[in-house]
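Written below as structure tokens is the structure these notes are about.
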Amino acid sequence: MRNSLKVAKWEINRNMKNKSFIISLLSTPIIFLAFMFVPMLFNSFSADKNVNVYMHDELGVWDAVSEAVKNDEQLNWTLIQSQEDESIMLEGLPEMEQSVYIVLTEEGLAKGQMNMYMSDDMDKSFGNEVGILDELLRQVQIESIGLTDVQKATIAHRVVIVPVYAGETGAIESELKGTVLEAADPMKRIVPGVFAGIILFSIVMTGMMIFQSASQEKKEKVAEIILSSLTPTELMQGKIIGYFILGITQVFVWLVVAFPVVLWKFDFPIVEYLFVPETLLLLFIAFSGYLLFAAIFVGIGATVEDMTATSNFQGMVMMLPFLPLVFIGPILSDPSGMVAKVGSFIPITAPSILLFRLSVLEEWPWLEIIIALVILVVSIWIFMKLAGKIFKMGILMYGKNATPKEIWKWMWA
Amino acid sequence: MTNILTVKNLGKSFKSKRIIENISFEVRKGEIMAILGPNGAGKSTTIRNIMGIMYPDEGSIEFNGHPENTIPRQKIGYLPEERGLYKNVKVMDMILYLANLKDYPVKKARERALAYLAKFGLEGKDKVSVEELSKGMAQKVQFIASIIHEPDLLILDEPFSGLDPVSQETFKREIRELANNGTAILLSSHQMNVVEELCDRLFMIQRGKKVIYGTMEDVKNDYANFKCTIKGQNAPALLEMIPDVQRIEQNEDVTVLYLTQDVKIPTWIRQLPEELTIQELVIDRISLHEIFIDVATDQHQLQEGGVLNA
């Protein structure tokens, strides 16, 4: 183990002194933030533009609308009460800038349709902002038909359809409760899930560098010199540990940059969401995912000397971490469906699918989680053993890339 | 002299192919021992088994003062035939990493590295990236890395390949100095003149089996008989009259007479026929190079006259 740690330290130092690693380490969060802020900046440009909202009010809702607009910080309206006739307003509107004319009439209320006229420079999406009037107008509509208070309350109360499987009727109560309580704060699951997902993504990406590192060892013919001081297993372990720490360092740097920005910009209690027991399990899944892929990368990397002549087989191996993307559609539509369950039990797809499911599911399917984790841990053990065998043979084979047939033989040697 | 390394009855097969068989030899403190053989004879396999990079199927490897089949890696220096260095690191970092893997103190390793770099004409190159070094320079750095931790046993697989004559001389001097200071050295090389000059004993291997083993002097005495090269046009019948000749090779006007083992050269010269045309005459021993060719090409013509010290 001491020797493995020496190798790990070397790999960390070597990469930390490597300009391209440092550049990618620092540039990635900057690029992410740029992607996040540039659209926000454009939005804010358009949002900053004040809209003159002329309102012709026959329904007597002016005060309520003014109050609602005042309370909504997102709206940048200048509300102007218009006494003008509709035809006169329509004549002048094409000449105006950033202006809309909303006509609230009894007739419109009866027909269930109110017109909003916009100047040419207005964006169609402004229609969403006007949604603030919907509820007010509905109230006026209800008032106008002379119902009792009970009837009014009944109509105002929406009917919710709750999906429940036939075998789980007993869960209706909790589902209902869940929709009220949990749905109120889905971030409680999503934030730790996204956090673990970022860690998995980062360490697996860094883990791909193990492939290059093992291959480089062969190409630059250093392997035999190194192996005169330690065993192939120690070398392999050292690489896996080293790149794990590099991956974690990468996440740490990202977080150091991202945390203050998120806290400042979004006023989001991210720390509260993260420091929950669930995060530990999600992190365990992320780390397991890394170990699995690291074993694959280090083993296969030792079979490749010339990266440019890498066969389809090795290329396909590099694509393995992206396999869960194949299942993403069905899992998004039904996180508890058959595809999601099967994906959780396949070692290669399990880490990312589990992280995704556990982020969106309100009730965690503990039995499935335990079975999936047992499969994952056993698979890691088997993959590590096989990777060790491939690494041992592959790292000392000079002059050519190993064929899948050779790799297969080494695995069972 | 103390045996630093004892190899006994080593055997290794790949699938059904026997790579080495019944290989036994010792490397002693302060000596340079050559392991020779044609390509594919099993030298690198033997060395890799000694280094623990491969595991033998049979036999044992013993390092002085250590239990059988345990390899004190920190006491061995190794310069493999397939060698290289990480390209994008500094020379000093590379040497210190390898010293660290051998558990050698960093401070001492740095001092030694600087001294050796200066000795090999690489002064000031410690902060240079490995990829900026020429092939010869890189080879010197690899050599330094293999001895940085003051090993008891140094294994050098083709240390001279790719070196210019000046660098070869530097390496030879250094290897001899290391041996004089007590390091046991196992050296594999195809440059027979260098081996003849440098090594105290040799072990020759062919198709995984021992063919010659002994001190350089013994091998030369026992195996390498005298040969007489005569320049001049001479009839075969006349040459066949010369006594104590084991074999004659004639190529136009150059004749090589391979003499029997016990021949007394002054007496033999007096017996040469008067009629012999001699423009030039050279008497010397058969070189290690010729022995090597004889073994490697399976001619075994020299063996007929020589005695294998096997």
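Just so you know, glycine gets a Cβ as well, placed from its N, Cα and C.
All annotation found in TrEMBL is predicted automatically rather than curated by experts.
Here the structure is a predicted model, which means the values were calculated and not measured.
Residues annotated as domain 'ABC-2 type transporter transmembrane' in TrEMBL: A:19-387.
TrEMBL lists A:21-42 (among others) with the feature transmembrane segment.
The feature transmembrane segment is assigned by TrEMBL to A:190-211 (among others).
Residues 4-5, 7-12, 15-16, 21, 25-26, 28-30, 32-33, 198-199, 202-207, 209-210, 213, 270, 287, 290-291, 294-295, 298 of the same chain lie 6+ residues outside the transmembrane segment (A:240-261) yet bring a C-beta within less than 8 angstroms of a C-beta in it. Marked as transmembrane segment by TrEMBL: A:240-261 (among others).
The transmembrane segment feature in TrEMBL is assigned to A:281-304 (among others). Within the same chain, residues 192-193, 195-197, 199-200, 203-204, 207-208, 210-215, 217-218, 236, 239-240, 243-244, 247, 310, 314, 317-318, 320-321, 347-348, 350-352, 354-355, 358-359, 369, 373, 376-377, 379-380, 383-384, 386-388, 390-391, 393-395, 397, 401-402, 406-407 sit at least 6 positions outside the transmembrane segment (A:281-304) and bring their C-beta atoms closer than 8 Å to a C-beta of that stretch.
Beyond the transmembrane segment (A:316-333), the same-chain residues lying 6 or more positions past its ends with a Cβ under 8 Å from any Cβ of the stretch are 204, 208, 211, 293, 296-297, 300, 339-340, 343, 348-349, 352-353, 356-357. Residues or ranges marked as transmembrane segment by TrEMBL: A:316-333 (among others).
Positions annotated as transmembrane segment by TrEMBL: A:364-384 (among others).
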